[in-house]
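Asker: Here it is, the structure, as structure tokens.
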Amino acid sequence: MKPPSKRPTTTGSGARALKTRIKKKSGLKNSSRRWLERHLNDPYVHRSKMEGYRARSAYKLIEIDDRHHILKKGQRVIDLGAAPGGWCQVAVGRVGSSDDDKRVVGIDYLEMDQLPGVTLLQMDFLDDDAPARLMEALGGSPDVVLSDMAAPTTGHRRTDHIRTMHLCEVAADFAISVLKPGGHFLAKTFQGGTENDLLDRLKKNFKSVHHVKPPASRDESVELYLLARDFKGRAAEPAEAPEDQS
Ligand SMILES: C[S@@+](CC[C@H](N)C(=O)[O-])C[C@H]1O[C@@H](n2cnc3c(N)ncnc32)[C@H](O)[C@@H]1O
């Protein structure tokens, strides 16, 4: 097995990066100044610019996949909450998707620039017809369902938490209803946030379920990923009892 990816510590030029500081008199609020300083000094941000990824989050998927090997050549992938497209870019490279044979479908309600090898749907994944539209665009069952969806932050931590967990649950239901047997589901969740009901459901449907925190996910962030591997197939879940017609 390859060693786990390490956090980059330089800009990649070999030289130690100088720390950029924003002056206190910049007119920015303290929280915005700190965010900007962290962004400007983040080695993943520098690396994503050099390597042509649209977002530093691409490295989260790269690190998870380098370690857990969920993406393979020839697979079909659905990426939920795809904007600006970092995960799609990684998936395209790893499954070998191209414009002649598109194997990656991404969905986001935000507009995204087109990406080679990807079919993009601009719509809310929570819309009733989103699952059917995704399946139609993919043209076959997915081997992997990815979800990096996060609800827009309201500033109220508990509310943000509940809304993102809801997205994770709907994504899990979708994955269970469409994945190929042997397929995998990877989704963003929060520390302490995965409800037992969801974990139980995933454990019933996948051979292994665990949480992963890639090095690219900031230590101070409560973000965590749920990785459910080897979907057992739809027969794993007992069919609902038919309604009593009498
Ligand atoms: C952290 S970003 C994803 C970054 C992406 N993985 C990348 O590497 O570029 C989360 C995305 O989820 C999207 N999102 C949140 N709720 C959504 C929903 N209900 N339907 C579609 N997209 C949603 C947001 O618009 C946002 O673009």
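Every residue, even glycine, has its Cβ placed from backbone N, Cα and C.
Pulled the feature table from TrEMBL, pasting it below:
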DOMAIN    53-231  domain 'Ribosomal RNA methyltransferase FtsJ'
BINDING   Gly85, Trp87, Asp108, Asp124, Asp148  S-adenosyl-L-methionine binding site
ACT_SITE  Lys188  active site, proton acceptor
Asker: Please find, for Gly85, Trp87, Asp108, Asp124, Asp148 as listed binding S-adenosyl-L-methionine, the greatest distance between any two Cα atoms, in Å.
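Answerer: The widest Cα-Cα gap among those binding residues is 18 Å.
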Asker: Which residue, of the binding-site residues Asp108, Asp124, Asp148, has its CB surrounded by the fewest other CB atoms within 10 A?
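Answerer: Each of the binding-site residues Asp108, Asp124, Asp148 was scored; lowest Cβ tally within 10 Å is Asp124.
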Asker: Using Cβ atoms only, which residues of the same chain lie under 8 Å from Gly85 (S-adenosyl-L-methionine binding site) while being at least 6 residues apart in sequence?
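Answerer: Same-chain residues close to Gly85 (S-adenosyl-L-methionine binding site) (Cβ under 8 Å, separated by 6 or more) are Arg54, Ala55, Gly106, Met112, Asp113, Leu115, Val118.
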Asker: Of all the recorded positions given, Trp87, Lys188, which residue's CB has the most CB neighbours within 10 A?
Answerer: Trp87
Asker: In terms of Cα spacing, which of the binding-site residues Trp87, Asp108, Asp148 are within 10 angstroms of Lys188 (active site, proton acceptor)?
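Answerer: Among Trp87, Asp108, Asp148, the ones whose Cα sits within 10 Å of that of Lys188 (active site, proton acceptor) are Asp148.
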